[in-house]
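Visitor: The following feature annotations were taken from TrEMBL:
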| type | residues | note |
| --- | --- | --- |
| ACT_SITE | 43 | active site, proton donor |
| ACT_SITE | 128 | active site, proton acceptor |
| DOMAIN | 10-93 | domain 'Phosphoesterase HXTX' |
| DOMAIN | 101-165 | domain 'Phosphoesterase HXTX' |
| MOTIF | 43-46 | motif 'HXTX 1' |
| MOTIF | 128-131 | motif 'HXTX 2' |
């Protein structure tokens, strides 16, 4: 039996997931991607963990209890962006404003993971919500489509983080295994 894979993320409230699902419906009319994540799988990744043995996961869960000292905070979800080539982008995402508090949270999560033995991320943190993956069409000018979403934005209260377990053959693919509240230490 293979070792389960996990990641740490900010879960999204249902109203935001519904808004982003509507974005996906509109985007599907213009863009050809192989994978459109299930609405229940939409999230903001803080740290991908990969395959994790149970004992290491328990140690990480203990370390992550420390995030409760952070107070809840606001950020915004707005516009659409891409990773990869501009005419055949491999990932389509909703942008998340990288506030000071969000960056602090991500750095705390990264530090907790490093203390338990996970490798530190070597790329700068780019908060986003993946809307589609794996381009599967001809070259296109995606900027025209991205501009249709440039004036839309949604407030997001960040008051919890979660550890998700990945179930690759399921839909939705992610299941919450632990939740950690941000409550300012109360």
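Backbone N, Cα and C define each Cβ position, glycine as well.
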Visitor: What is the pLDDT of the domain 'Phosphoesterase HXTX' (101-165) when averaged and given as a whole number?
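Guide: Summing pLDDT over the domain 'Phosphoesterase HXTX' (101-165) and dividing by its length gives 89.
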Visitor: Taking DSSP states H, G and I as helix and E and B as strand, how many residues of the motif 'HXTX 2' (128-131) are helix, strand and coil?
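Guide: Tallying H, G and I as helix, E and B as strand, the rest coil: 0 helix, 4 strand, 0 coil.
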Visitor: Quick one: Cα separation, residue 43 (active site, proton donor) versus the residue listed as 'active site, proton acceptor', in Å?
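Guide: Approximately 8 Å lies between the Cα of residue 43 (active site, proton donor) and that of the residue listed as 'active site, proton acceptor'.
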Visitor: Applying a 10 Å Cβ distance cut-off over all chains shown, what neighbour count does residue 43 (active site, proton donor) have?
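Guide: Within a 10 Å radius of the Cβ of residue 43 (active site, proton donor) lie 21 other Cβ atoms.
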Visitor: With Cβ-Cβ distance below 8 Å and at least 6 positions apart along the chain, what are the contacts of residue 128 (active site, proton acceptor)? List them in sequence order.
Guide: 44, 81, 93, 94, 95, 96
